[in-house]
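Written below as structure tokens is the structure these notes are about.
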Amino acid sequence: DYLVQCAQFGNGRGACDTVWTGYFYDGLWHLAAILHAYLTVENHSVADLATESSRQALYDLSLRQDYLGVTGRVRQFNDVDPVTDPPSYGDRDGVNLLRQITGSTGNEFSDLAYRASDGIQWLADIRWSPTDGTKIVPCRTGSCDMSMAFVPSDRISQCQAGSVFSVQLECIECESGKYANAGAEACAPCGVGTFANESGVASCHACDKGSFSNVLGADACELCGRGFYADNTSSTSCTRCPLSTYGPEKGLELCSACPAGRSTVFAGAIDVEACQCAGELWEGRCVQCQGNTRYEAGQCLDCQEGLECDGKQSAQLLPGYYSDPSLPFDVYKCLPPEFCPGGDPGECRGGLIGVPCTHCPTGQAWGADECRDCTSLSVAGWFVAAVLAMIGIPACYYFLNTKQTAKATTLLATSCVLAMTISMLQNVGIIGYISFSWPRQLQWLFDLLSIFTLDLQAVGFDCVSHSPVTGYVLIAAALPSAIIWLVLSSLLSRALPSKFAFESAKLISTMGQFMQVSFTIYSKVALSPMMCYSHPNGKLGMLEHNGIFCFSSTEHTPMFVTGLLVLAMMTSFYAMTIWATIKAPLKAAGGNGWFLSATRFLLFRFRADCWWFGTFMLPRGLLLSLAIVLAGDSPYIQMLLIVSTMLLYMIVQLISWPWKLPALNAFDAIISASLILMMAILGAFAPAIAEHTLEQLTSAVIGIVVMLNGIVLIMLGITASALIRLNAMGGSQESCLLALGRVPDPTELTEKLFVLCNKIEELGTAGLSHVLANLSVYDLRMTQQIVTAVGSEIGEQSLVLTARSQLMSTVSVPSTKEPTPPKQMNRGNIKSLSDEASKAVSKGAPRLLAPRAVLPDILPLSAVWTGGFVMFNAAALYMSPGMVNVIRCMEPVATVCVGAGLGQRFSWQVLATLVPICGGVAMASLTSGGLSTTGICLAMISNVAFCCRSFCLQRLRRNPQNKLDDLAVFFNVSWTATLVLPLLQIPLEGSQVLPTLQGLAPDQLWIFAADMLASSTFFFLYQFVQLLVMTQLSPLAFSVLTPVVKALMIVVLTAYYGDEMSLLKALGCVLSVGGGYLFTLAKSSSERSTAVRKKTS
């Protein structure tokens, strides 16, 4: 019966069908193969099947299944060999019968639907209860209508948290590993990191520290294994114990740390035995060095310069440093750095040997980038060079002793340009000795130019002398040998015809020329043994020969002695040039031709009035080399010293313009400016500056700023003293300080010009033309300028040879009538004009002053007092308002002191002036909290400035061409400036006064700038109007109105800025200012009356 029913099931295609049975078997095998691969081959647990990741993994495994089953080849793809024909993609035809319990016992099941490959064929409705056919899901039509389906939601909502509704058992509790919220339709598995160890829970519990859960629906958390830990709750996995820790047991929150100085070499250690000494063992103690340190003899030492350490016994050398393998920590610094590649000790580039990579092996010389074997041509080339030198040295005698004239010849220009070029290349070569890390392109350039500094390693000089001592001695002896050979050539020349015999004076000049051209380079040669730099190990190495250590190597002693001898030779030569420079004017005046011929090398290239420049220029190379010596370990200081030397010589050259040809001067200036610009650019390659060097540079900058301020003060004092004379700027009566020397006396020049005119008449046109033809370019131009200046001054246009502005000097008086002939302008005419001007003053000129008459007096005084005003304002930023007023009140004291200094006796007028002054000072000091020592010092400084101004005014008043109104104008101009002082004390918050500008915020600075601009504009308009008005008032009205106006100004400023300045301050200022004016006016009126009486009588 079973077989019959089985055969009839599914219309003959049921479970008992042979085809169906084969498909069923292949399906079971397919599932078994997938599970076997997941659980056994890939070593997963059964619990992993409940995770999200297992779904994709099982699907991927199913795609890889490919085998021959009962029904044929079973797989889910058909794109690899062997392919099936027809193609098979894992599709298997079959029908699944779905049945539901709806009947009574014995007839429980009813057919519900057929499930085939083409979908589900519904046969009946889905019933919720076997006994109630009304609560159904309508599916009889072949598809289910869920909108008409019955869902017992009220039954579901009745279940409490931890339970769900079941059709048969109603609300049942969720099993272990699951949970349900109130009203949930089904129990949900606990998430990873949580568990439920009992049934009927509303939420899962988090795994404790030291445990984890990585599956869904876990009923317990697993403890972390040994060597693992979990320091958080709800962990889904455990973490391996990191290095230097271990986990001796399960369920650890944290791993145990290894003993001090020990560490593990792997993560996840399970016992203390895995902790090994991470550093070095020293007497049973583990020493572990950290950071940029190294281990040595049980201690950690700092990694010195040139090494890269990682805490171990060994260290790696940085590029540019060297150490011997036997002493790996005895580090040397290589110059140039490219010779030492770094890395392991003993490594050198290009086959170099020595410490540190200093020279090539015997029989080799340094080529472009490596040591190369010496050839016969290498030695022969130097032999040929020596022979050519022996021939060329005597030839230079004839070449350098051509006829000398005041005019510069083509030969002179060529030789000077050649000498300048060689000097420039030598200077650049010396710059290459600065201890900078040059780029490869610049290093190649400096190596090439080192030939001009007699550093002959780059041209194979090692093939001639492998010993650096011998090579240095040979180079040092080259110049004395050339001098000796020149002397021997002089002796040999006596056997030649007389016209080829050497003359003693020319021989000395030629020797001097050799010494002069070689002075720069041999200064460097002499100082080479002293050019030392510090190695990281403390030793001092020579810049040119790094392997020779200064004052410690045996090779250094003979080199040092040789350098001293060369230096003595160069110093002796320079001393002789100084003597010759001093004696040259006297010898030339005495007509000593032999002396002039012997010193031709020193004098012939320069103008006659700059004969000293050759001697001045000579020690430049010595100073450049000395900069390398003085700052061997401070490359930046070396650069500053070199720039300072070049700048000094350029300034002197630009001021004196010494070369005979203007083009040579321009060429020399361009070379100097280019070298300085090059040095400024090369500063970008400077290494890091040491802290103490930065402090020294900071002090130097501060010193320069102080020096600049001192220069400004000195210049202001010189200008103020020059104002006393009231001469035309640059005129014949100019101060020697402003003229930077004595101004020639016009009377003396007049006499000399008359003598010159007589000589010119004696020479005639042809003779004078011959004389002028022998003059230099500068002398011709100077003559042209003199003729133009005198011709322009006397009004003779035919004598004006160059463009010149037609400005008259102070002694020339223009006339509104016909111009007076120059020969009629004698001293009598000028004296009569001065008398007429004096009479006009005594009789009284118009009160309104013309701008042309006022500006020459006002502008210089305003310029001086503008500078003083700015400095006083800077000091006022650090003073209280009361102290500023105290200094203001002290001004009349200066007037009294100046009056006494000029010989005016003290009288009741002086006492009458001191009373209001003292009163003003007392009132101001009482309202400002008293006087401090700083305030008194500042007041004294201010009084010095006031004394200078008052002294100028006293001298101005004595000039008969200045009226009393001019004096009042000057007084008012200088005093009006002091009213700006309160503006510098701006209260930004309430009545608090800000002492300095350093603490101002950006928005406050804008306010300050706007106030200063508005105030400056206001005071400019005030001063302009006051000048126009005051010149039309009488002295009495002027003296009364000025204090009143200033008092009103102080009150207005006080009210505007809220300075809390009382009326006592204003009254004190009025009394002091008014007293000073009245005192000055009283003395002025008295002196003027006396002068008028004398004039009348």
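Note that Cβ sites are derived from N, Cα and C of the backbone, with glycine treated the same way.
Features reported for this protein in TrEMBL:
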{"type": "DOMAIN", "residues": "177-217", "note": "domain 'Tyrosine-protein kinase ephrin type A/B receptor-like'"}
{"type": "DOMAIN", "residues": "227-275", "note": "domain 'Tyrosine-protein kinase ephrin type A/B receptor-like'"}
{"type": "DOMAIN", "residues": "591-718", "note": "domain 'TRP C-terminal'"}
{"type": "DOMAIN", "residues": "854-1079", "note": "domain 'Sugar phosphate transporter'"}
{"type": "TRANSMEM", "residues": "379-400", "note": "transmembrane segment"}
{"type": "TRANSMEM", "residues": "412-436", "note": "transmembrane segment"}
{"type": "TRANSMEM", "residues": "471-492", "note": "transmembrane segment"}
{"type": "TRANSMEM", "residues": "559-582", "note": "transmembrane segment"}
{"type": "TRANSMEM", "residues": "610-630", "note": "transmembrane segment"}
{"type": "TRANSMEM", "residues": "636-657", "note": "transmembrane segment"}
{"type": "TRANSMEM", "residues": "669-689", "note": "transmembrane segment"}
{"type": "TRANSMEM", "residues": "701-724", "note": "transmembrane segment"}
{"type": "TRANSMEM", "residues": "964-985", "note": "transmembrane segment"}
{"type": "TRANSMEM", "residues": "1005-1024", "note": "transmembrane segment"}
{"type": "TRANSMEM", "residues": "1036-1057", "note": "transmembrane segment"}
{"type": "TRANSMEM", "residues": "1063-1082", "note": "transmembrane segment"}
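Within the chain, the transmembrane segment (471-492) has long-range Cβ neighbours (under 8 A, six or more residues past its boundaries) at 389-390, 393-394, 397, 454, 456, 461-462, 464-465, 502, 507, 510-511, 514-515, 518, 522, 525-526, 528-529, 545, 558-559, 562-563, 565-566, 569. The residues of the domain 'TRP C-terminal' (591-718), classed with DSSP into helix (H, G, I), strand (E, B) and coil, number 103 helix, 2 strand, 23 coil. No contact links the transmembrane segment (669-689) to the transmembrane segment (559-582), because fewer than 3 Cβ pairs that are 6 or more residues apart lie under 8 A. Sequence-distant neighbours of the transmembrane segment (636-657) (same chain, 6+ residues past either end, Cβ-Cβ under 8 Å): 427, 430-431, 434-435, 607, 610, 613, 616-617, 620, 623-624, 626-628, 630, 665, 668-669, 672-673, 675-676, 679-680, 682-683, 686-687, 689, 693, 696-697, 778. DSSP places the residues of the domain 'Tyrosine-protein kinase ephrin type A/B receptor-like' (227-275) in helix, strand and coil in these numbers: 3 helix, 11 strand, 35 coil.
For the domain 'Tyrosine-protein kinase ephrin type A/B receptor-like' (177-217), the number of residues in each DSSP class (helix H, G, I; strand E, B; coil) is 0 helix, 11 strand, 30 coil.
For the domain 'Sugar phosphate transporter' (854-1079), the predicted model reports an average pLDDT of 45.
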